[in-house]
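A quick write-up on the structure given underneath.
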Amino acid sequence: MLEAIKTFMILYTGMFAITNPIGAVPVFMSVVGHLPAEIKHEVAKKVSITVFITLTVFALVGQWIFKFFGSSIDAFAIAGGILLFRMGMEMLSGKLSSVKIDEEDVTLEEVAVIPLAIPLISGPGAITTVMLYMTKESPGIVILTIIAIGLTTYGILYSGNKIIERLGRVGVKVTTRMMGLILTSMAMQMIINGIKGAFGI
């Protein structure tokens, strides 16, 4: 039981750093910040549900993707580690998001799915990570982690106003940099493990 809790906490911490829902708050608030609480609730709920569905689907079909493309887990770990390292370095530089939204051309439902849920929160890095987790850890713990990330995403986005007020834009940037540091260390370990596995070291 204690080992399962420890594994869950490790996976959750890693996924929280990768998805970085706090970094998505400024984008979320720029779209719905002026709207009633009911609409914020609906958009935040759609984002969290989309994040959960996206990550769960890729977690469940990840092994089939490996087999279909003839790729090994070690090769995927190296490629995924490089991708995560790049993301981590961007976060360390203070970049919150490169996603731009033209509010006149999209509905709130569309924004909830793209770009907020995909790729801002459940992007390539998060998808790669859950696929790798699924091959290394208990599937039940991985799915539980995804559920926890979905709920966390909802809570953070819905509390966007309070987070911005308490942290400020500087605080959000500092948090993003901290998540970036965690992410780069995870990425390096992923690359090292992939190289060890590929070359039998």
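Quick reminder: no glycine exception, Cβ is built from N, Cα and C everywhere.
Database features (Swiss-Prot):
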- 8-28: transmembrane segment (TRANSMEM)
- 49-69: transmembrane segment (TRANSMEM)
- 73-93: transmembrane segment (TRANSMEM)
- 111-131: transmembrane segment (TRANSMEM)
- 140-160: transmembrane segment (TRANSMEM)
- 181-201: transmembrane segment (TRANSMEM)
Maximum Cβ pairs under 8 Å to the transmembrane segment (73-93) - stretch from the list 8-28, 111-131, 140-160, 181-201:
181-201
Please work out whether the transmembrane segment (49-69) lies in contact with the transmembrane segment (140-160), by counting C-beta pairs under 8 angstroms that are 6 or more apart in sequence and asking whether there are at least 3.
yes
